[in-house]
């Protein structure tokens, strides 16, 4: 240990001389100034965007987990009679995943989807894998992107419930 460090084992820094609860020299900031109001507005906008991003990440995780469970379920097919029961159960699980994707579509309504691309991509990829695997087991052919997109056309009414006659929310191929 050098003489500079003292007996405590660490060097003192410049800011250690200032009390932590007091400001350094300076004036109080006027919280009603136009600059502060603008920054407050920016803060609220960024907080709202961050909160939306976190909700989308959580939904994407839920989509990923349920899609993986569906894939694991489909791996259990061993015989023809067993196959129909498992395919029926997998369809029920995928309907639940589609409801989660509907929630994502509601979150993204009116937003630029590409700003939240990283939050939802993994969930959508896992969903496409589950749907593709299920389709392959049923038909022994690959499913097209158009067929997947047809399953992901959602319409809503003013109460936020699914309705077949109102506006469409649709996921397109993201690049």
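Cβ atoms here come from the backbone N, Cα and C positions, even for glycine.
Please treat TrEMBL annotations as automatic predictions, because they have not gone through curation.
Just so it is clear, the model here is predicted, and its values are computed rather than measured.
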Per TrEMBL record, range annotated region 'Disordered' [choices 1-32, 33-64]: 1-32
Residue 129 (Mg(2+) binding site), number of other Cβ atoms within 10 Å: 15
